[in-house]
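Encoded as structure tokens, the structure appears first; notes follow it.
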Amino acid sequence: MVDYHGANNQSLYSAGEQQTYMEQENDWDRDLLLDPAWEKQQRKTFTAWCNSHLRKAGTQIENIEEDFRDGLKLMLLLEVISGERLPKPERGKMRVHKINNVNKALDFIASKGVKLVSIGAEEIVDGNAKMTLGMIWSIILRFAIQDISVEETSAKEGLLLWCQRKTAPYKNVKIQNFHISWKDGLAFNALIHRHRPELIDYDKLRKDDPVTNLNNAFEVAERYLDIPKMLDAEDIVGTLRPDEKAIMTYVSCFYHAFSGAQKAETAANRICKVLAVNQENEHLMEDYEKLASDLLEWIRRTIPWLENRAPEKTMTEMQQKLEDFRDYRRVHKPPKVQEKCQLEINFNTLQTKLRLSNRPAFMPSEGRMVSDINGAWHKLEGAEKGYEEWLLNEIRRLERLDHLAEKFRQKAAIHESWTDGKETMLTQKDYETATLSEIKALLKKHEAFESDLAAHQDRVEQIAAIAQELNELDYYDSPSVNARCQKICEQWDALGSLTQNRRESLERTEKQLESIDELYLEYAKRAAPFNNWMEGAMEDLQDMFIVHNIEEIQGLITAHDQFKSTLPEANKEREAIQAIQAEVQKIAQYNGIKLAGNNPYTTITPQSIDKKWEKVQQLVPQRDQALQEELARQQSNDHLRRQFANQANMIGPWIQNKMEEIGRISIEMNGTLEDQLTHLRQYEQSIIEYKPNIDQLEGDHQLIQEALIFDNKYTSYTMECFHLPFTPLYQEQLHEYRTSFNHFDKDHSGVLQAEEFKACLISLGYDVENNKQKRTGIMDSDDFRALLISTGNSLGDAEFARIMGIVDPNNSGAVTFQAFIDFMSRETTDTDTADQVIASFKILAGDKNYITAEELRRELPPDQAEYCIARMAPYTGPDAVPGALDYMSFSTALYGESDL
């Protein structure tokens, strides 16, 4: 009898494993080799196993020793299970043709590392059942069992360990082998329930009913798992020890069925992950487009409002416009500044995410680039600055207009009061019945009136000049001003004509008038201009003034000082006038003349002159005080301007410089991760330390606002320029890496030796054996020792050598912190490629070049399945079927390699 069991296993296991396995096989095979039950089990199981593969080629076998005799179906079986093409078979019916075909199959089996001892083509052609079963068992071992690997065990031991792990939680199931442990059927049901719990109600199974248990498992496996029925429940229960090869063959079908489902689940998870990243990026792009559109629309609506230069008529209306502008600066603009900064941050974040996930860079739609937004914002700020300057100029213009209008009304009222009754006086005919002395008196009186009239000429010219300036400044009530000025000018011309006519009338009668009181006349001549001068002085001393800077108030003070310098001469004139009146009294008393009433040539009395003079004397110090107070106020305002300007001119460039540096770091990402975080932390600290300067500037700005200062020639900055957001810095991961590195740097040399570096990787949860990192955090000493014990301190020498080649290319035996950080940054970056996504889709599609909508809905979550279906193009390959979708072009489009 040929011992083909030992020959087959010799090619599948190591020397020790081969010997153990052969001894176990020989111990019981010698007793059961000729047992008809054993042969029946193997025949049924191997036949079902072969048919499970041959049906893929559209054929099957009925008798295992007869149907393989010509070698044709044997070669076809090997092609199906290996996926490779064998040499072309010979189609002849002769024995030599059959032997050649079988030899081709045996040569192919041998090329796969299987040694078929004592199994020749002649035995297979002759229909030797034992040799045929031995050959099929060798094929099963090679193609169904050898590649099974579970935790460093393979083949039979790997399959056994897999069964033990999967059935460990189930009661009454304890798998120790591939014969007795399976007789009650619970192990088969446990395997199915572990992977497909909806197919079996395990709690209802009874250990004392093995036939029912076995048939239930076989039927469920055949119906739902596409595993053909390879065993009979009665044969297994009725046999003292079921055939191990038959059990192993059947159980291996469960392993391959369930491992395929696990691969599909892994593939589905990978696709879900890639699609989730893509969906998140699309959401970020939509958010950017909407935020950019809203900001540009707000700028488009705001600029026309800022460019509106329609002047208002009154100061109240212009002040309301100024208040609206301040409200825009305080309320409406700051949120938009924040939105603009957030938009730039979101754009840079999105580009970084796309770059890290191997996606193409995001290109916003036309007109919504960051540069477009910056251009629109620059235009907005230009319009804003122009609008502010226009507002301030308009306010100054209206202030000037209000001042001139009030001055016009005052001077016009004084002039109209003076001219009241003058026309009636000049048109009376009293000289016709007057005596000579009265005529002379009237003539002298008229001469005094002419002097008074000439003195008022200057006031009339001032009124006309003010009216002209109001017209030039576009005063809203110019028509009424012009009408009043026109009336005054016409009345003035009439007074001039009437004065000239009355003088001519008096001069015609002057020859009849001889007596005249020279002193009265002299008094009248000197008192009239002096009185007019005092009235003008009182008017000027009480005149309101509006100034905006020190130069203007200093000009007023200089003019006032010049006026005060004329007071001594004016006082002398007053004393001289009063002396004339005193001389009149003295002469009258000396000559005994009784004066009849007041001076006939003037209505100005000495009392009125003294009263007005006293009024002038009172107004002078009041004017001094008002000017000095205004000077102090303007000096204070100038000090506030300089104080704010000094701070603003220092803070403005500082903030601009910091913003540019931070912007460059976020975009360029130069240097290592630690360098970038260190720089950003330094910027953050410098900003915090600089905050008191901005607080001080805010206080200066508040004082300027309270002082109603609208301009500042010492700086171009305003407080709104400094209301900018800052973003905090984060560094937890770098801190974790630094802490672990320092923990294992026992000598504080700044570098780790090879063993220290390996320990550091393990403490961070890095699985050197499987080339990945598990995020477990930094371990303490006890945890680290426990980890070393559990792993046997064997962490994969080949993999660790590869890592050392990366972090220590010069073979110095030491690892710097910078090399450690660079390595961890690369290892913790999880990226996917288009090829990986295509491979995952191919698994879901069952190795087809296309995938159907039903398969996508079965394997993926509903929203992501519909996402793929909506975007996948129809598949047009030669093997296309109705409803086939092209997952390859879809996968490459995800990474920008073609248009989706």
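Here, residue 1 is simply the first one shown, and the rest follow in order.
The backbone N, Cα and C atoms fix where each Cβ goes, glycine too.
Predicted automatically and left uncurated, TrEMBL annotations should be read as such.
Quick look at what TrEMBL lists:
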- 40-144: domain 'Calponin-homology (CH)' (DOMAIN)
- 153-259: domain 'Calponin-homology (CH)' (DOMAIN)
- 439-473: coiled coil (COILED)
- 732-767: domain 'EF-hand' (DOMAIN)
- 795-830: domain 'EF-hand' (DOMAIN)
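Here the domain 'Calponin-homology (CH)' (153-259) touches the domain 'Calponin-homology (CH)' (40-144). Their Cβ atoms form 3 or more pairs under 8 Å, with each pair 6 or more residues apart. Residues 397, 400-401, 404-405, 407-408, 411-412, 414-415, 418, 425, 430-431, 481-482, 484-485, 488-489, 492, 495-496, 499, 502-503, 506-507, 509-510, 512-517, 520-521, 524-525, 528-529, 532, 536, 600-602 of the same chain, all 6+ positions outside the coiled coil (439-473), place their C-beta atoms under 8 angstroms from a C-beta of that stretch. Applying DSSP to the domain 'EF-hand' (732-767) sorts its residues as follows: 23 helix, 5 strand, 8 coil.
Across the residues of the domain 'Calponin-homology (CH)' (40-144), the predicted structure has a mean pLDDT of 88. Here the domain 'Calponin-homology (CH)' (153-259) has, by DSSP, the following mix of helix, strand and coil residues: 69 helix, 2 strand, 36 coil. DSSP assignment over the domain 'Calponin-homology (CH)' (40-144) gives 71 helix, 0 strand, 34 coil.
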